[in-house]
Structures are given as C-alpha cells and as structure tokens.
Amino acid sequence: MKLFVPALLSLGALGLCLAAPRKNVRWCTISQPEWFKCRRWQWRMKKLGAPSITCVRRAFALECIRAIAEKKADAVTLDGGMVFEAGRDPYKLRPVAAEIYGTKESPQTHYYAVAVVKKGSNFQLDQLQGRKSCHTGLGRSAGWIIPMGILRPYLSWTESLEPLQGAVAKFFSASCVPCIDRQAYPNLCQLCKGEGENQCACSSREPYFGYSGAFKCLQDGAGDVAFVKETTVFENLPEKADRDQYELLCLNNSRAPVDAFKECHLAQVPSHAVVARSVDGKEDLIWKLLSKAQEKFGKNKSRSFQLFGSPPGQRDLLFKDSALGFLRIPSKVDSALYLGSRYLTTLKNLRETAEEVKARYTRVVWCAVGPEEQKKCQQWSQQSGQNVTCATASTTDDCIVLVLKGEADALNLDGGYIYTAGKCGLVPVLAENRKSSKHSSLDCVLRPTEGYLAVAVVKKANEGLTWNSLKDKKSCHTAVDRTAGWNIPMGLIVNQTGSCAFDEFFSQSCAPGADPKSRLCALCAGDDQGLDKCVPNSKEKYYGYTGAFRCLAEDVGDVAFVKNDTVWENTNGESTADWAKNLNREDFRLLCLDGTRKPVTEAQSCHLAVAPNHAVVSRSDRAAHVKQVLLHQQALFGKNGKNCPDKFCLFKSETKNLLFNDNTECLAKLGGRPTYEEYLGTEYVTAIANLKKCSTSPLLEACAFLTR
C-alpha cells in the first residue's frame, strides 16, 4: 500500500513539521458535482484525522473501473450492472461495502426496480411497444438490465443480426438511454435533453441521467414510462398528492400505487456497492474510511456535510441519497455471489441467443468436487447426451458457491454440508436411499430415508482405547464440516470438554479442510506425490469415509470417525484396493458412548448418532427441474437402470463414493418440499448450530450477509 505525505492545509501551516505519513484512499468520481462533493468530504476527513481521501476524476463509471484496476484509483460506488462489469476480466474488482436502504428498524441491502407511468395513461407492461421510454443509463440495473430482461420476449430480437440496443430502438418509438452510442442508435438518445456533446452523456451533464433524471424525463412529458427504483418517486415528490399522479406497472399487467412497490415491482436488485481491487485492494482501509464517515456524516449526523445527501438540483452523488449507511461485505463474496443467480440469469438472457438460453434451462449442471469426481461426471455427461454437464471446484464449499451463482445447478451433500447449503438458501431435492430391512417391499424412490449410523472405529488390538480415553490420541476424520467425520464426534467432544479448541484434544489428526499448518492436518498424506495435503477432496488419500478408515487401517491414526457401512465396505474382501483387500472385520471395534467397546456387527447399540442421509441440493428455482432430470437419469444409470452396468453407473466408482455413495440403491423423493431444517431434523440442526458457535466458516459468514 502506498504511503503519502498529506498536503499542508494552508500557507499558514508551512512552519509546521511535515505530518506523519497516513494511508490514503483515492475515490473515483464521474462528474464535476461528484468531484466537488468528494473534495468537501476530503476536507472533512482531514479535520478528523481519520483515513485520508483524495479525489480522482473520470468521465464515467467504466473509466473508474479501469482506473481502479490499474491502481490509479482505489474505490467507487457502482450500481449492480456495473458491479457485474467490474467483476469480469480484465478488471476483477470485488464489492467491499454495500449501501443499506429501508429504515433503521428494517434495514435492507436491496432495492426494487420499478416501471413508473403517469396515472391516466392507458397501457400495461405488455403494451409498451411504440411508447417512449426513460432509462437511468445503459447497463444499469433498474434502468436497463431488469426491464430489458423482462421485455426480451416482446423485442423481436435476432441476436445474430444485431445487438440488443438495435432491437430496443425498434421496440420503443423514442427513448433516452444515457451512455448509449448516440451515433449508432440515435433513436435511443432522441428524448435526452443534454446539449451538443452532452446529449446522452453518461453523467449529470445529461439532465435525464440517473434515477432522478429518468423520472424527470417522465415528469416533463418526454417519455411515457420511466425505469427507476422504488424510492425515486418519493425522493423527487415529497408530497403525497403529487405522488398520486403516478402509478407502477406490475408484472401481471395491472397497475398499483407507487407505495405498493413490494407487491408491484420488476425485480429485487442488490444494493449499490463500493468496489475495490480483489488483490491489494485496501479493503480494510476503505472500510475504516466509510465507517468513520458514516459515523460522523451519516443520516442526521451533521449539518455541515452529508455523506448521503446532494445539493439542490443534484441527486445520488457518490452514494445514493436514500442510503442509511454501509454494511461490510465478507471477503468470500465476489461480484457474482453478491449479485446472485437470478440477477446473473437476467444478464445472461440479454447476452445469449435464444437457443443458448433454452439449452441452459434444459440441462442440469452438476458440480464435481476434485479431479476424480470430475472424471466420473464427464463420463456421466457423455452418456447422458449432455442432458447433464459438469462444473468442478476443489472444495465442497466452492461447489456450493457455484450453485449460488448459477454456474452449477446441483450436487450431492453430506448432512453437514446440507446445513451450510441450507443457510445459503439452497434446498434438498432428492435423498440417497440404501437397502432397507424395514420397508423392503416399498419402491425405493418412495421409501422414507432411515439415516445412517455415525461410529467411532478403532483397532481391536488397541485394547485400552475407549470413548473416555480419546484425549491426546490420533484421529482420522472424513473432512471438516462433514457429519459422521466431524460434526457428530466433535460436537460430542465440545459438549463434554466445554472447549472449542478442536486442535488441542487430539495429539494429531487428519481432518481434510482444516488449517494445513495445524495439528488437525498433521496425519494427512496428500496425493501419491505428497501434494495437496489436507485438501477436502479425493486428492487427499485420507479424505472421505474410505480415506478416514484407511488412515486407521494403515495405523496412522488410533480412531476413525466414519459411518457404519464404511467398515463393511472395506473388509472381508469387499474392497479390491491393495490397502484393504486383506482387512478382517473382526480386527476392528466400535467405541460406545458409555465407555464400552463392541464388535462392528453391533452398531445398532453402539454408535455416536443417527445421521441424516446424503441429499441432492439445488436452488429453489431449479429444484423441480433437477428432480425431474435426476429421476430420468437414475432410470437409465441407477442400480437397476437399463444402461447400468453396460454403459455407466451413477452409484459405482473407480475409487469410492464419487458424486454419490456407492451403497446408494436409489435417489428417493422427499415428502412435500422440505426445508433443509425439516430434512435434517431439529436435533441435528441444533447440534450443528451449537458447534458453529465455536468456529464459523467464510462461506457461512458470506451467506449470513447474502440472506439478511
């Protein structure tokens, strides 16, 4: 980070010694009024002795994005559409702070995109063709991306023949779309009011630019409809009698009063956000600056300078006037995760051909964790005729993120990860079902899931080892945050010891996903070359059920936390792997919570807990389609599928338990549409919630922000 010597405040200060260097944030502005406000902010912050700010001037938002990427500026506030652009190559900026709207009692990090019309104008949303339109600016959320995404079916747009702007120019009789190329699309600048070169400008030099500008375009009678945000009418017309002259167009082709925006809007849009570089981005310094600024100059804090206010005749300089403050965005959240899958889908719909959009909706993108799962997924994709395609990530958390972004649709998860995915807004779709002795006559797909037994396994020869003497022993875990391998045993241990120091109970462990430098990774081996040690995927030799049991079988650890089936699947000749083919079931014992030990045949009376079955999760808007496709896929490639084993088997792996557990008989339907809490059960959810009090994860922190 660069240090600088602040300029002396006045000539009278020349006799003073130079001040100590202070860290500086270079704020990017896109107009003369913004630059003047920034300079006033700069002066106020100097008086506080807080983080210093200097003001950088550029012509429009994209130039600010470039300046930040090139380290010629550090921060700027952007609308969601520009947050998306900023996050793309080559800029790779990320949002670091979100504006907060609403009220102090009910703060929100989103706003509503609305279509405003004058009362008495006789048309609905599906009758906009041939009308005159007012937009905040090209590429902006409420003014362009959302309405064009909704109007796309009416645009007669042939993607291969012309850009979207050309279709919009033909759809409306005239428009004002600031930031557009007025030479290429004169019709989209026809209503704009700027003079000369300023007509259609991407700043307040165009009077109809931005939210208030687009509404003024409607007020002045230039346009028939203004695409703005829900607060625009209230900010420009404080009197109810004046507001009553306007209405909102609703998606169901009705109209509503302007104060009914929660029921009548085009979309819910993420807040404007401050963006910075994702590497060397001065995030902490920017947040320190914003925190101090909102503390001193936020709503109703100061008469001399208002951070969320603009001079008469101006609106939304630097920040939206309607903002109440800022909320820091967790480091795990990039631009795509911040905007969310629905917003990103709208963007994709405007960038892809109709055929591409249809193909994206038809297929299911499965997320594979690690290279071995990716290999199996690609085989599945090929055999499915591309009805299933593959995305891949190195960790389960990263796969969950891909589903949240809409870059993948589904994956199969252990109960611990179902908890995380549920906290992030994903829903269970289908559950793994094993053979049942209780309901053997029922169709597997319709049979209730019974859960599985989480157990602690030790060598029979290690005679003195019981549940009560595990302290300072060596442990083998499937992975951090997984049910049988982590959540259940560590939850029990935390309850017994009252300590959250996970890495102090056992002398050494292999818990893939833990800090590689900690004791919890000391026993992990990585791949055949010793690389990727302790990663939570199949590159780590001791990852997963089979890996944790192997860690015990090879005398690396004293105890393995797995499921009951794991012992049976890897002993008495059930596995052909070199390390397992000579293992005898009788050589292992289960640890019971009462301090006794029992043979592995007695798991029903000697286990740590009954765990919920693994289940497929997806976004709620894709759940029904994912379910339909998977049921068809298992009819082809399931245990009794017509193409298994000849072509491909979903529930069979070259190693163990790739994509699905190998002992899965079928993917079963769930009764109704259960939430993740209903699927996991209150007892299990409570246990994990208590465990998470010890240590949360970056993904859970991110999702707590995204779902607030």
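Residue 1 is the first one shown; counting continues down the chain.
Placed from the backbone N, Cα and C atoms, the Cβ positions cover glycine too.
Cys28 (disulfide bond): 27 other CB atoms within 10 A of its CB, across all protein chains. Secondary structure at Cys28 (disulfide bond), taken from DSSP and collapsed to helix, strand or coil, is strand. The disulfide bond annotation in Swiss-Prot covers Cys28-Cys64 (among others).
Of all Cβ atoms in the protein chains displayed, 20 besides its own lie within 10 Å of the Cβ of Cys38 (disulfide bond). Feature annotation from Swiss-Prot assigns disulfide bond to Cys38-Cys55 (among others).
Feature annotation from Swiss-Prot assigns disulfide bond to Cys134-Cys217 (among others); the stated evidence is sequence analysis. Classification of Cys217 (disulfide bond) by DSSP places it within a helix. Counting every protein chain shown, the number of other Cβ atoms lying within 10 Å of the Cβ of Cys217 (disulfide bond) is 29.
Cβ neighbours of Cys200 (disulfide bond) (same chain, under 8 Å, six or more residues apart in sequence): Cys176, Val177, Pro178, Cys179, Ile180, Arg182, Leu188, Cys189, Cys192, Gly194, Glu206. Marked as disulfide bond by Swiss-Prot: Cys189-Cys200 (among others).
For Cys250-Cys264 (among others), the entry in Swiss-Prot reads disulfide bond. When Cβ atoms from all protein chains are considered, those within 10 Å of Cys250 (disulfide bond) total 18, not counting its own.
A C-beta separation below 8 Å, combined with a sequence spacing of at least six in one chain, links Cys367 (disulfide bond) to Cys390, Ala391, Thr392, Ala393, Cys399, Leu402, Val403, Ala408, Ala410, Leu411. DSSP assigns Cys367 (disulfide bond) to a strand. The disulfide bond feature in Swiss-Prot is assigned to Cys367-Cys399 (among others); the stated evidence is experimental evidence.
Swiss-Prot lists Cys424-Cys703 (among others) with the feature disulfide bond. Taking the Cβ of Cys703 (disulfide bond) as centre and 10 Å as the limit, one finds 25 other Cβ atoms among all the protein chains shown.
Residues or ranges marked as disulfide bond by Swiss-Prot on the basis of sequence analysis: Cys444-Cys666 (among others). Cys666 (disulfide bond) has a Cβ environment of 25 other Cβ atoms inside 10 Å.
Secondary structure from DSSP puts Cys551 (disulfide bond) in a helix. All protein chains considered, the CB of Cys551 (disulfide bond) has 28 other CB atoms within 10 Å. Sequence annotations record features per position, and here Swiss-Prot assigns disulfide bond to Cys476-Cys551 (among others).
According to Swiss-Prot, the feature disulfide bond maps to Cys500-Cys694 (among others), an assignment based on experimental evidence. There are 13 other CB atoms within 10 A of the CB of Cys694 (disulfide bond), with all protein chains counted.
Non-local neighbourhood of Cys510 (disulfide bond): Ser475, Cys476, His477, Leu520, Cys521, Ala522, Leu523, Cys524, Ala525, Cys534, Glu540, Tyr542, Ala548, Cys551, Val556, Gly557, each in the same chain, at least six residues away, with C-beta under 8 Å from its C-beta. Residues or ranges marked as disulfide bond in Swiss-Prot: Cys510-Cys524 (among others).
What Swiss-Prot lists as disulfide bond is Cys644-Cys649 (among others), and the listing cites sequence analysis. Within 10 Å of the Cβ of Cys649 (disulfide bond) there are 20 other Cβ atoms, across all protein chains.
Among the features that Swiss-Prot reports, domain 'Transferrin-like 2' is placed at 364-693.
Secondary structure from DSSP puts Asn252 (N-linked glycosylation site) in coil. Close to Asn252 (N-linked glycosylation site) in the fold, though at least 6 residues off in sequence, lies no residue with a CB less than 8 Å from its CB. If you look up Swiss-Prot, you'll see Asn252 (among others) marked as N-linked glycosylation site.
The secondary structure of Asn300 (N-linked glycosylation site), as reduced to three states from DSSP, is coil rather than helix or strand. Residues within less than 8 Å, Cβ to Cβ, of Asn300 (N-linked glycosylation site) and separated from it by at least 6 positions along the same chain comprise none. The N-linked glycosylation site annotation in Swiss-Prot covers Asn300 (among others).
The N-linked glycosylation site annotation in Swiss-Prot covers Asn387 (among others). Residue environment of Asn387 (N-linked glycosylation site) contains 15 other Cβ atoms, counted within 10 Å of its Cβ in all protein chains. According to DSSP, Asn387 (N-linked glycosylation site) sits in a coil region rather than a helix or strand.
The average pLDDT computed for the domain 'Transferrin-like 2' (364-693) is 95. Considering only the disulfide-bonded residues Cys64, Cys500, Cys694, Cys703, Cys666 (disulfide bond) has Cys703 as its nearest partner by CA-CA distance.
When the C-alpha distances from Cys28 (disulfide bond) to the disulfide-bonded residues Cys55, Cys444, Cys694 are tabulated, the minimum falls on Cys55. Cβ contacts within 10 Å of Cys500 (disulfide bond), excluding its own Cβ and spanning all protein chains shown: 12. In the three-state DSSP assignment, the secondary structure recorded for Cys424 (disulfide bond) is coil. Cys424 (disulfide bond) sits 19 Å from Cys694 (disulfide bond), taking the C-alpha atoms as the reference points. Comparing C-alpha positions, Cys250 (disulfide bond) sits nearest to Cys703 among the recorded positions Cys64, Cys500, Asn564, Cys644, Cys703.
Geometry remark: Cys264 (disulfide bond) versus Asn387 (N-linked glycosylation site), CA distance 36 Å. The Cα of Cys444 (disulfide bond) lies closest to that of Asn564, out of the recorded positions Cys38, Cys217, Asn495, Asn564.
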